[in-house]
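Have a look at the structure below, then the notes.
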Amino acid sequence: MNRVVYGLLLTLVLNVVRGQSFWPALSSDSLIALRSQRDVLSNISIDKVPMVGVQLNEVAFRGTSNETESLEILASLLNVGVQAYMMDIEFDESYNLTISGSDTSLGTTLSTFKRFISSSNNYLNADMLVLLLRLKQNTNTSTKGAPSNFPNITAILDLYLGSSTLYTPSQLAYDRSSGNVAPSYGNLNSPDWPSLNYFLYSIQKRAVVFYVDTASSDALQSPAIFNASNLNYETSNTPIVCPLTNNAQVLNTSSLSWRFLQKDYSPSDIREYTMCGYSPIIDNKYNPNSINTISNVLENSLLWSWASNEPNTSDDTRSNSTSLVARRCAVVHYTKSNSSSYWTVANCYDRKRALCKRDGNDFEWAVTQEGASYFSHHDQDGNGFCPDNFSLSLPQTALQEKSLDNYLSQLSPEGWEIWIDLNSVSVPDCWVPDGPYASCPYQKEVSTRNFVSMITPVSVFAAVTILMLIMLSWRRVPIQDNRKRWKRVINSHLGSKAEGVPA
């Protein structure tokens, strides 16, 4: 029995400490990596933010008539970091909007998004969601001849999602007229949109809704929804230039807003399209029995920045070049054989070259000629290391990372590790740019989270121990049950002893 109890205890503790990487929940390392990736995007305009999406009809609602199962899959997709959701919607016989191919109403589906937004509406976890709608024709109803029967989709969004969370065309017009937009370095022809930081924290919005075709916007007009002219929504039938092998191709792609590519992806090709500047819309067909296989596709697309199992700060191996160890600084590791790069954690005291970016251009790079520690590169803002008109920097989007790969391929380095402007020196697990003295924007939340993660296993152990003690207190000890019988045995034994002093 003791083995069973302690086995249960060990399982509980391990389940608290560990977690699956990308499905149905994020491991702690994956969560930290995604959060740092979001933070380096803070000054990027929201139309250029790389994200991963799904065709919700195929991924969550296909192969089941169980509404609860489908909505649980949607909740898991939200929790692991999927941000864009393509939804085919249609009218039922009563002209209610439903998810095409299911009996689930659009309002019920939006309620799942609303619950997620409410639970993640804090500095630590907030991120942008994009909803992409397409109204489909069915045999029971028609969008022609009965417009008075159509539901008010603006009212549906307000009731089930919340208008306060939505970024609308009128808000965009105001922000453009007020200058609340992000600069478009390197792509002057790109339309202006606000930065992710302004979107999430200044005006506290969480979602943008688009129609993907003009037929949908004509049938269901709404001041809360952007029309298809704002999108660059491509499918597998559209010829796409990928991979991007030169800066001219990179700049052409960067000028496009809201770049989405819907197709059936494999784990191997989804990263390539992500690095080409497109946000993939996963069109793979899943059902409740196979949905766990989406993990491999998500792993190769959600994180375009960090390598697998990074950021890993736990290795305390001494450096060959210094006796000091502080694994709190990031490098970009370039692999010549496949012309690709990932971020990894390195000892801040190691001597390495550093990455510089031209001021006012997101796609022009340089590498310092001299190697130095991370701290030395940031002394006096790195003066003397970067070329003129360049500053210490890092790739902020997947497309910028691709342009960096193209630049490094011309230098032909073999296994280079180059400092990028990213560190967690100030607060563990809070990765920030602007040098080692930069403060963590959510230091209080991180400290609280670290404290909770530290005491949770202990709390579980204590709870199980208390439970065992309570169980033992309910179970009566056998000698108490047979008290009278044992008393008679003892008295009989004492009476049988010989009296007097032995000779």
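Each residue, glycine too, has its Cβ placed from N, Cα and C.
Marked as signal peptide by Swiss-Prot on the basis of sequence analysis: 1-19.
Marked as topological domain 'Extracellular' by Swiss-Prot on the basis of sequence analysis: 20-450. In the predicted model, the topological domain 'Extracellular' (20-450) shows an average pLDDT of 91.
As annotated by Swiss-Prot, N-linked glycosylation site applies to Asn43 (among others). Long-range neighbours of Asn43 (N-linked glycosylation site) (same chain, six or more residues apart, CB within less than 8 Å of its CB): Ala182, Ser195, Leu196, Asn197, Gln396. For the recorded site, Asn43 (N-linked glycosylation site), the DSSP three-state label reads coil.
Annotated N-linked glycosylation site per Swiss-Prot: Asn66 (among others), in sequence order, evidence recorded as sequence analysis. Secondary structure at Asn66 (N-linked glycosylation site), taken from DSSP and collapsed to helix, strand or coil, is coil.
Taken from Swiss-Prot, the feature N-linked glycosylation site covers Asn96 (among others), and the record attributes it to sequence analysis. In sequence order, Ser105, Pro151 are the residues near Asn96 (N-linked glycosylation site), counting only same-chain partners six or more apart with C-beta under 8 A.
Annotation source Swiss-Prot lists N-linked glycosylation site at Asn140 (among others).
In this structure, Asn152 (N-linked glycosylation site) belongs to neither helix nor strand by DSSP; it is coil. Using a 10 Å Cβ-Cβ cutoff, Asn152 (N-linked glycosylation site) registers 12 neighbours. The N-linked glycosylation site annotation in Swiss-Prot covers Asn152 (among others).
Counting only same-chain residues six or more apart in sequence, the Cβ atoms lying under 8 angstroms from the Cβ of Asn227 (N-linked glycosylation site) belong to Phe210, Tyr211, Thr214, Ser217. Swiss-Prot lists Asn227 (among others) with the feature N-linked glycosylation site, giving sequence analysis as the kind of evidence.
Summarising the annotation, Swiss-Prot assigns N-linked glycosylation site to Asn252 (among others) and lists sequence analysis as the type of evidence. When Cβ atoms from all protein chains are considered, those within 10 Å of Asn252 (N-linked glycosylation site) total 14, not counting its own.
Neighbour list (Asn312 (N-linked glycosylation site), Cβ cut-off 8 Å, at least 6 residues apart, same chain): Asp29, Arg327, Thr344, Val345. As annotated by Swiss-Prot, N-linked glycosylation site applies to Asn312 (among others), with the evidence given as sequence analysis.
The annotation N-linked glycosylation site is assigned in Swiss-Prot to Asn320 (among others).
Secondary structure from DSSP puts Asn338 (N-linked glycosylation site) in coil. Every protein chain shown contributes to the tally, and the Cβ of Asn338 (N-linked glycosylation site) ends up with 8 other Cβ atoms within 10 Å. Residues annotated as N-linked glycosylation site in Swiss-Prot, with sequence analysis given as evidence: Asn338 (among others).
Per Swiss-Prot, the feature N-linked glycosylation site maps to Asn389 (among others). Counting every protein chain shown, the number of other Cβ atoms lying within 10 Å of the Cβ of Asn389 (N-linked glycosylation site) is 12. The DSSP secondary structure for Asn389 (N-linked glycosylation site) is coil.
The transmembrane segment annotation in Swiss-Prot covers 451-471, and the record cites sequence analysis as its basis.
As annotated by Swiss-Prot, topological domain 'Cytoplasmic' applies to 472-503.
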Cβ neighbours of Asn66 (N-linked glycosylation site) where a neighbour is any other Cβ within 10 Å: 13
Nearest-integer angstrom distance between the alpha carbons (Cα) of Asn66 (N-linked glycosylation site) and Asn389 (N-linked glycosylation site): 59
For Asn389 (N-linked glycosylation site), the one of Asn152, Asn252, Asn338 that lies nearest, given that the glycosylation sites are compared by Cα: Asn252
